[in-house]
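Trainee: Residues or ranges marked as ATP binding site by Swiss-Prot on the basis of sequence analysis: 168, 170, 171, 172. If you look up Swiss-Prot, you'll see 78-121 marked as compositional bias 'Basic and acidic residues'. Residues annotated as region 'Domain I, interacts with DnaA modulators' in Swiss-Prot, with sequence analysis given as evidence: 1-83. According to Swiss-Prot, the feature region 'Disordered' maps to 78-122. What Swiss-Prot records for 83-123 is region 'Domain II'. Look at Swiss-Prot and you will find 124-340 tagged as region 'Domain III, AAA+ region', backed by sequence analysis. The annotation region 'Domain IV, binds dsDNA' is assigned in Swiss-Prot to 341-460 on the grounds of sequence analysis.
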């Protein structure tokens, strides 16, 4: 039976990322099996809950794929004996039945407290957000390095760590990566990841139901507190008051605090001065919008994770057309992947332009036929008048056809309108030119790169 589990692990390794597999599957140990149940050992109760919630169905499928049989999975926590029926002890003579009931009630209360503690220890991290899946570049290198330093040695040099930057630049990814890294090293670590809004809502509910002591104890016993979008606490005096005392309690206990915001602490209106000063005690790291090269790397990383073939020219097209928001990039990639999957087509540059025409519109609507003619003429060192002429020599025909192709791709001009701009040529000549360039680009990578180089010049 152990061989079945080993084969199932091999199956899981092929479908999960290396980080996910090493964190959540590799630590599972085969203990034994019955006819229809496989018993696995887990490092901790939290680990058991996380694997049960996130990966149990996948584990069952992987096991079933080995021999076609379905098994139940039973987890045993390491260093904990499997639950057995309580040993019957001789009762002390004359112990009243009422006292026995009280003892039972006390045991039940202890069990409830244990369950409550388990729930509080669930960190709410996104397992997909790891350092391995984060693409670092010049725009985020400082924040990335600082986050790794905190994850490797929490509550030492950089406490608190304050990460700020615009929407969709990777702040949430980094704070989750810190939590996942620490949790992988120490599954028993008490980690809490909250948005500031969730912190505030939970505090309000605790006030309403008179459970503030529980609320405070929950946060102040953490080893790592991760708070996302702290700017939403601005102007909320009661929430800031409570967070201030939570911050102090954790800091004095040498526990790590990581906070994110869309602004530098001093630029957050409505944030109390005492909180600002606390944030400045540690390290403040910013994330800037990524450049084109970093955006291309992000797209390639995401496509590899999804097992999708994304050609370099398509990645460049998306990177140049998107704003600097990484979420927008991901949305474009998902849209392109979905279209390719549903239509059964390979992803190509022409497909990307068609699928993204309503998204990447701002980058193209200001491009005119005249701009394209001028750029192509300069690239080939010829005159615009020669480009528009009827001369049939090769040194003019190819540049002319390239210019016509780019006009069709980047402007809203019709075939007749383009023909008019090129010395009154008829629409059939324009169509022929477009098809000619498309065919040559499909079979000649060097030629294709030359055309793309001209396109780039139009956006710089």
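Every residue gets a Cβ built from N, Cα and C, even glycine.
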Trainee: Taking the mean position of the Cβ atoms of 168, 170, 171, 172 as the ATP site, which residues outside that list, in the same chain, have a Cβ no more than 8 Å away, listed in sequence order?
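Mentor: For the ATP site, the extra neighbours are 165, 167, 169, 173, 174, 260, 287, 326, 327.
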Trainee: What is the one among the binding-site residues 168, 170 whose Cβ has the most other Cβ atoms less than or equal to 10 Å away?
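Mentor: Answer returned by the neighbour count: 170.
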Trainee: Along the region 'Domain IV, binds dsDNA' (341-460), what average pLDDT does this model show?
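Mentor: For the region 'Domain IV, binds dsDNA' (341-460), the model's average pLDDT rounds to 88.
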Trainee: When a 10 Å sphere is centred on the Cβ of residue 172 (ATP binding site), how many other Cβ atoms does it contain?
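Mentor: Summing over all protein chains shown, residue 172 (ATP binding site) has 19 other Cβ atoms within 10 Å.
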Trainee: When DSSP is mapped onto helix/strand/coil, what comes out for residue 171 (ATP binding site)?
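Mentor: Where residue 171 (ATP binding site) sits, the three-state DSSP reduction gives helix.
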Trainee: For the region 'Domain I, interacts with DnaA modulators' (1-83), jot down how many residues DSSP puts in helix, in strand and in coil.
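Mentor: Tallied per class, the region 'Domain I, interacts with DnaA modulators' (1-83) gives 45 helix, 17 strand, 21 coil.
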